[in-house]
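Working notes for the structure below.
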Amino acid sequence: MAMSSYLINSNYVDPKFPPCEEYSQSDYLPSHSPDYYSAQRQDPSFQHESIYHQRSGCADPPYSSCQGPGQPAAVISPRGHVLPTTALSTPLPEPSHHCDSVTPSPPPACGQTPTSQNTSTVSSRKDPVVYPWMKKVHVNIVSPNYSGGEPKRSRTAYTRQQVLELEKEFHYNRYLTRRRRVEIAHTLCLSERQIKIWFQNRRMKWKKDHKLPNTKIRSNSASTNSSGCPTLCSNQSRASGPPPSL
């Protein structure tokens with residue numbers, strides 16, 4: 001804790017004052033009679049003697065009379081400022097506060113609409129802020145009067161951020177569950193169908209890059225082979241069997 005320098009310094013000497021008895025015995029405070037103090041309270045223009053002791057013996061300049069013909073005499077303040085009696089005698093006017101009565105406007109008729117209120121409400125309303133992630137990506141708007149077949153779907157253009165997130169998900173898992181697909185669609189503001197199609201196309205590309213056989217083609221060939229085997233086997237058994245008896 002920091003201490004003051006005069007407490008640390010041992011050479012500091014306390015100031016010594018004379019005792020109280022010396023003040024009463026000596027002439028430090030001049031003794032006055034009780035009438036002296038009562039006269040000070042009664043006389044408002046009393047000034048202390050020290051003010052006059054400060055002045056050297058120069059004479060005060062004579063003051064000219066401020067009283068004109070037909071005017072009352074002016075009052076000189078103790079500091080030498082001239083105060084006219086008219087300013088002292090006339091009271092200051094009190095500020096008057098006039099409150100105008102506020103009459104409420106009559107309500108509009110039943111057939112009329114308050115246009116001013118509508119304009120104020122319209123001006124107070126602001127356009128809602130729509131962020132990019134709140135918008136749906138490439139949603140085709142079909143007119144209600146369209147009576148043709150199903151409109152052609154446009155190709156979805158994924159953003160760089162969406163592609164990056166989908167690539168990271170594909171790196172860890174090439175097949176998504178329904179629950180995970182819903183989570184990704186909600187995070188990237190896409191539909192489940194768009195996520196499903198993107199993963200299908202990405203798996204096809206991955207198989208093509210790694211030169212893997214297509215599972216759809218292989219399954220089709222296996223089904224044709226399994227369906228054609230019974231006919232071939234029956235023909236072979238008939239050819240290899242004994243000749244018919246006469």
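Glycine is no exception: its Cβ is also placed from the backbone N, Cα and C atoms.
In Swiss-Prot this protein carries:
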type     : residues : note
DNA_BIND : 151-210  : DNA-binding region
COMPBIAS : 39-48    : compositional bias 'Polar residues'
COMPBIAS : 112-123  : compositional bias 'Polar residues'
COMPBIAS : 216-239  : compositional bias 'Polar residues'
REGION   : 23-125   : region 'Disordered'
REGION   : 210-246  : region 'Disordered'
MOTIF    : 130-135  : motif 'Antp-type hexapeptide'
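Here the DNA-binding region (151-210) has a mean pLDDT of 89 out of 100.
Helix, strand and coil residue tallies for the DNA-binding region (151-210), in that order: 42 helix, 0 strand, 18 coil [DSSP].
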